[in-house]
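S.K.: Please find one structure pasted underneath; my questions will follow.
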């Protein structure tokens, strides 16, 4: 007799840049959470769905937890903390190469207040010596009792199969929430805007990134050629930022558009014509109605 089907929700939490999105993308096998080396890259809960014949795991990739500096920051931390209560299991990801960080203490204090089981995932183990890894494990073990401590490399996939095995062991019998071939519950529009924002983050200087939102104004399919026309607007807070994103003779914007278009074509499997504009909206991160316009819905969280 076959084993009953299991399912559950797993939150991936940790300081900014510890590799949460890389891990999610490695497990799902397709790029659904935006990745960049800049802090606070992930803004909304991106759900990745991993389905096998035995189980379905729904992953929630939360923003990096940090001390908020503005309303958008408040919003991002609130999402992450609320998530702890809603899920069946929490992955707390740390970066082995940087060791214990100030933000980890903040997260551990929050984790101590929830009943949800917590796995400590020590990521980037390929970057440190084995003896340093053992010291790190002991250090975190003294701070909190974790249900499992699993060293991994999200980028290379080291020990990820073992992680998924341990995760399955912690799941309850449950339904298949999503169709077998579905890997995320976010609409295509959201993922397209995230892919454009990823290129802005990767290509522009430090002052621009966190002041950027991307709004998809329209997506149209040409019935004859099957080609998609996507109109997108990059929203920034200052005209100097607009200048940086457009670049000399429009070169930076051209680069952003070209790289984003390739990623979008890979995602959708069809040819894309991408038109990108840049618009200044002063202090949008502190204005609630703008936050809602750009996809940050307070009610949803």
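Every residue, even glycine, has its Cβ placed from backbone N, Cα and C.
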S.K.: Looking at 49-52, 53-56, 57-60, 61-64, which one is region 'G3' according to Swiss-Prot?
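M.R.: Comparing 49-52, 53-56, 57-60, 61-64 with Swiss-Prot, region 'G3' matches 61-64.
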S.K.: Pick from 14-21, 22-29: which stretch is listed in Swiss-Prot under region 'G1'?
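M.R.: Swiss-Prot lists region 'G1' for residues 14-21.
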S.K.: Select from 119-122, 123-126, 127-130 the stretch of residues annotated by Swiss-Prot as region 'G4'.
M.R.: 123-126
S.K.: Region 'G2' per Swiss-Prot: which of the ranges 35-39, 40-44, 65-69, 70-74 is that?
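M.R.: Feature region 'G2' in Swiss-Prot: residues 40-44.
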S.K.: Going along the chain, which residues at least six beyond the ends of the region 'G4' (123-126) come within the CB cut-off of under 8 Å?
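M.R.: Here the qualifying positions are 18-19, 22-23, 93-97, 133, 151-156, 158-159.
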S.K.: Name the residues of the same chain, 6+ apart in sequence, whose Cβ is under 8 Å from the Cβ of residue 125 (GTP binding site)?
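M.R.: In sequence order, 96, 133, 151, 152, 153, 158, 159 meet the Cβ cut-off.
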S.K.: Translate the DSSP assignment of residue 14 (GTP binding site) into the three-state scheme.
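M.R.: Assignment for residue 14 (GTP binding site) reads coil.
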